[in-house]
Amino acid sequence: MDWVAVIVSIIPFVGVLLAVGFYTLLERKILAIIMIRKGPSKVSYMGILQPFSDAGKLLCKEFIVPTRANVGPFILAPALMLAISLLGWLLYPYKSAEVFYVFGVILFMVITSVSVYGVMMSGWASNSKYSLLGAVRAMAQSISYEIPMGFIFFCVVLCSGVFMFQEISVFQQSLFFFFLPLCVVMLVWMLCMLAETNRAPFDFVEGESELVSGYNVEYSGGGFAVMFIAEYSSILLSSVMSAAMFFGGNEALVGFFMMVFAIFFVVVRASLPRLRYDKLMNLCWTVLLCVMLTASVCVVVLVGV
């Protein structure tokens with residue numbers, strides 16, 4: 001076995017885990033600034049090691065399985081969520097990657113579609129009313145936003161002519177950012193990504209004021225830590241894919257706009273309240289779907305001309 005190849009293939013995942021830790025610190029700092037308070041500042045210099053302290057604390061705590069829970073699925077759900085979120089990073093469009101998926105766009109759609117299964121499994125296996133309601137919301141929400149998201153990919157693929165995220169990014173280097181002709185599509189994409197990652201104002205799956213903590217209310221210790229890492233890994237993945245699809249070009253541009261989108265998620269969380277659940281359903285089925293159908297027709301006509 002070529003151990004060098006194994007180590008090289010593991011490095012990106014280690015980088016993702018480190019990025020998640022520092023992203024949580026960045027989020028807490030930005031939220032503190034917006035709320036006019038200090039934020040984490042005690043652990044190491046300016047609190048820079050706070051995420052690792054929190055992770056160590058969670059992993060050292062006992063992982064409690066509720067008496068009425070279904071033990072197998074309850075333990076498997078966090079691992080499934082983390083595996084699915086890390087699998088998406090294989091599609092990350094960097095030039096030094098050894099594997100490029102020819103149908104990366106389709107694979108990304110599959111990954112985002114099956115990501116809800118981990119939430120569904122945890123909610124059902126917990127045997128808690130709050131967890132089950134969170135899982136049911138996640139399933140209905142997933143069906144609602146994935147249809148407009150499919151039309152978004154259709155528009156981007158039609159403009160670039162390829163299904164690889166790497167090629168979509170490179171295509172924009174020679175012409176222009178897809179953000180310019182597809183600004184409406186990008187707006188719908190950002191709404192879909194907020195719903196996909198269960199972030200405010202679409203954080204119905206957790207809904208602290210309604211469901212205590214939603215699907216993960218019964219999790220503690222390492223199980224909760226793994227779920228937390230999976231959630232924030234998905235946020236960073238959504239940021240980098242957004243940058244590659246609409247602000248592609250060289251790696252520096254993709255990295256810069258990835259940070260912009262990542263900060264956007266935090267600012268939206270601090271700025272907007274949670275909507276009513278029926279408002280999201282109405283938005284997806286009556287507004288976003290109609291907008292994307294119209295946009296798809298316009299893109300087909302313009303590309304054909």
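Glycine is no exception: its Cβ is also placed from the backbone N, Cα and C atoms.
What you are looking at is a predicted structure, and each value in this text was computed from that prediction instead of being measured.
Record features, source Swiss-Prot:
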TRANSMEM  3-23  transmembrane segment
TRANSMEM  71-91  transmembrane segment
TRANSMEM  99-119  transmembrane segment
TRANSMEM  145-165  transmembrane segment
TRANSMEM  175-195  transmembrane segment
TRANSMEM  221-241  transmembrane segment
TRANSMEM  246-266  transmembrane segment
TRANSMEM  285-305  transmembrane segment
Item to check | Stretch with greatest number of CB pairs under 8 Å, the transmembrane segment (246-266) reference, 71-91, 145-165, 175-195, 285-305 candidates | outcome: 175-195
Checklist entry - Okay, the transmembrane segment (99-119) and the transmembrane segment (175-195): do they have at least three CB pairs under 8 Å, pairs separated by 6 or more? => result no
Item to check | Among the ranges 3-23, 71-91, 99-119, 145-165, 285-305, the one whose Cβ pairs under 8 Å to the transmembrane segment (221-241) are most numerous | outcome: 71-91
Checklist outcome for this item: The answer for the transmembrane segment (99-119), taking Cβ pairs under 8 Å and residues 6+ beyond its ends, is 77-78, 80-81, 84-85, 87-88, 90-91, 134-135, 138-139, 142, 146, 149-150, 153, 156-157, 163-166, 168, 196, 205, 215, 230, 234, 241
